[in-house]
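Right, one structure below, let's go through it.
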Amino acid sequence: VMASMAHLQEEKLQLQEELLGLQEKLAAWDNDELSCSLHLQGQVETLKVKLLEQAQEIGRLRSELGGTDVEKHRDLLVAENERLRQEMKACEGELQELRRQQQVPCQDCTHLQENAGLQERLSQMQREAEETRAKLVELDLEVQQKTNRLAEVELRLKDSLAERAEEEERLSRRLRDSQETIASLKSQPQQIKYIIKTVEVESAKVKQALCESQSRNQYLQEQVGMQRQVLKEMEQQLQSSHKTVAQLQAQIMMYEAELERAHGQMLEEVQAMEEEKNRAIEEAFSRAQVEMKAVHENLAGVRTNLLTLQPALRTLTHDYNSLKRQVRDFPLLLQEALRSTRAEIDQAIEDVHSTNRELLRKYRRELQRRKKCHNELVRLKGNIRVFGRVRPITKEDGEGPEAANVVTFDADDDAVLHLLHKGKQVSFELDKVFPPQAAQEEVFQEVQALVTSCIDGYNVCIFAYGQTGAGKTYTMEGTAANPGINQRALQLLFSEVQGKVADWDYAISVSAAEIYNEALRDLLGKEPQEKLEIKLCPDGSGQLYVPGLTEFRVQSVEDINKVFEIGHVNRATECTNLNEHSSRSHALLIITVRGLDRSTGLRTTGKLNLVDLAGSERVGRSGAEGRRLREAQHINKSLSALGDVIYALRSRQGHVPFRNSKLTYLLQDSLSGDSKTLMMVQVSPAEKNTSETLCSLKFAERVRSVELGPVSRKAELASWPSQEQLEGDSPGTAAPFGRGHTSASPGQLSGRAASIRRKLQTSG
């Protein structure tokens with residue numbers, strides 16, 4: 001019964017909710033009707049505004065067309081005034097003529113009598129003029145009164161528009177007032193009469209009064225015309241307002257009919273819901289009676305079951321007492337079990353930690369082995385090895401979100417770095433990755449094996465790639481206190497040569513060139529601005545060389561510093577928005593090592609090409625203009641050509657476009673399979689340089705997959721008996737670039753380069 005009552009209560013709540021929904025619908029209908037009435041009122045206001053505009057337009061047209069009675073009367077008055085003015089002029093002429101004739105006074109003269117008569121007529125005309133002026137003043141007052149009444153009528157018209165109930169009564173009253181005014185104006189006789197007489201005037205007062213009367217007449221005629229125009233507009237507005245009121249009444253009747261129909265529908269729905277509710281209550285009551293009978297039957301069955309369950313209850317009570325005793329002893333047992341479990345868990349954790357340490361040690365040892373095997377495989381395949389170096393955040397990067405660090409490193413693998421780009425982490429795997437805290441010495445330790453291999457007769461190329469301001473020049477050249485790869489490589493070569501001086505004779509020579517705006521220039525020559533060309537060797541070997549490229553023999557660190565000084569002075573650098581000292585050209589340092597084994601006569605020639613590429617830059621961000629813009633365009637074009645060459649090598653195309661740029665043409669020997677090549681990709685960790693960093697790392701991955709093939713050693717048996725012959729062959733012979741290039745004789749040098757050359761020869 002309780003369940004059925006609860007069910008009925010829920011149904012009652014549902015019916016109440018439905019009733020509330022219907023009431024809300026009714027309220028919504030009322031709101032719709034209210035909005036409709038407001039909309040109609042807005043339309044009425046709009047129609048009133050349009051009526052006022054039309055009335056103004058009609059008044060303007062009437063003023064242009066004319067044709068009213070008052071205007072006709074005004075025209076007549078104007079004609080009469082003009083005629084009177086002409087007569088006045090004629091009288092003045094006669095008066096002047098009489099004055100000329102009347103020089104001697106005479107007694108009982110007819111002229112005196114005529115003069116007296118004329119003076120009487122003049123005084124009479126003046127009195128008539130004064131009367132006319134008074135009448136004009138009265139007409140002016142009357143027009144002013146009518147103007148005031150017209151203003152009152154306009155105010156009443158505006159009020160009638162705001163209050164629809166009073167609108168018809170006020171408009172009708174104003175219409176009656178206007179009609180009475182018009183009737184009174186029509187019934188008034190003509191008040192001004194003009195007496196046309198020919199008089200003689202002695203002064204201009206009559207003329208002035210006549211002009212004033214004419215202007216007053218004209219003003220009154222204009223005011224009467226405006227009043228008639230306003231009356232006609234008011235009649236039209238009254239008719240339009242009657243029409244609008246009729247339309248609004250029709251719409252109101254239509255809305256009232258809709259409201260009555262909606263109210264009837266709502267009453268029908270409420271009645272149907274009441275009937276359904278009563279029917280549901282009756283059905284629920286009948287179901288509740290049936291369920292009550294079933295409950296009584298079940299209750300009887302439960303009573304019988306209770307009688308049979310009493311023995312089982314006694315058994316359960318006994319079991320409960322025994323369990324209660326066990327529960328009292330349970331805390332002691334639980335503490336003992338927890339102690340033993342903790343001891344076992346601690347032992348298991350210690351075993352897992354030791355196992356993890358052993359596995360981590362084995363993993364790192366295996367990772368080192370895998371890296372060694374990978375490096376050996378890369379060496380055998382001739383792949384281009386790729387090292388990455390991340391510069392630290394500097395003051396030039398600024399502050400705030402744009403200077404945030406977006407590059408992270410793998411703690412277990414020094415060849416992997418991660419870049420956060422657009423909220424996603426992108427991972428890159430290179431041969432070696434140097435973090436920002438890596439020193440110049442640490443970087444050079446990874447490349448010194450390549451550097452020393454040029455002593456054994458191998459060709460080696462190390463080039464730095466990356467966006468402008470990423471640290472390429474710092475890695476390759478460094479500073480005076482912390483030199484880079486270039487100076488450290490020469491120092492290492494000198495130390496290695498000194499270690500083999502007992503069996504070998506070596507000669508080390510250095511050349512420096514730059515590619516500026518697709519023009520190859522000698523940085524050590526007497527004319528650094530002179531353009532050089534890359535040509536094929538005339539011996540038909542297919543090798544490249546640069547005619548006229550200066551080559552200096554170096555034997556000490558002092559010689560190296562002097563050569564670097566000349567190269568720094570002649571190299572093109574500029575300041576941009578991205579880098580205060582931006583390299584505007586590709587710099588190449590070419591180190592040639594020629595060796596002779598005195599015991600076997602084995603002759604070796606090795607080349608070490610150290611390339612500092614100009615940084616790629618976006619013109620919009622770097623702010624390059626004029627000459628710097630042209631430089632940036634040439635730099636981006638040459639780097640794009642380098643990318644095309646890497647793509648062609650990676651996809652093993654039959655034609656590799658080395659000649660598309662001076663840079664790729666000059667690096668053809670280093671990228672065509674007969675050289676050990678290493679690319680040092682420099683990246684910036686700042687968030688504002690994320691796009692450039694992503695492009696540089698993707699290019700590095702493509703370069704890393706290029707296979708150039710196995711490298712051959714340049715060695716041959718020849719007769720080279722003395723150190724003097726080894727030294728004499730260096731400055732005067734011509735050798736192909738990449739495997740050799742021509743050098744300038746001492747007599748060809750002049751200026752600063754010639755003086756440095758003489759110093760080097762003296763120190764040698």
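Backbone N, Cα and C atoms are what each Cβ position is placed from, and that goes for glycine too.
No curator has checked TrEMBL annotations; they are predicted automatically.
Since we're looking at a predicted model, the values are computed, not measured.
Per TrEMBL, the feature coiled coil maps to 5-32 (among others). Panel annotation: around the coiled coil (5-32), residues 259, 262-263, 266, 269-270, 273, 277, 280-281, 284, 288 of the same chain, lying at least six beyond its termini, place a Cβ under 8 Å from a Cβ of the stretch.
Averaged across the coiled coil (74-188), the predicted model reaches a pLDDT of 67. According to TrEMBL, the feature coiled coil maps to 74-188 (among others).
The coiled coil annotation in TrEMBL covers 231-283 (among others).
Residues annotated as domain 'Kinesin motor' in TrEMBL: 383-706.
Counting Cβ atoms from all protein chains shown, Gln467 (ATP binding site) has 25 others lying within 10 Å of its own Cβ. Marked as ATP binding site by TrEMBL: Gly466, Gln467, Thr468, Gly469, Ala470, Gly471, Lys472, Thr473.
Under the heading region 'Disordered', TrEMBL lists 717-764.
Marked as compositional bias 'Basic residues' by TrEMBL: 755-764.
All protein chains included, Ala470 (ATP binding site) registers 27 other Cβ atoms within 10 Å of its own Cβ. The highest number of surrounding Cβ atoms within 10 Å, among the binding-site residues Thr468, Thr473, is found at Thr468. Lys472 (ATP binding site) has a Cβ environment of 27 other Cβ atoms inside 10 Å.
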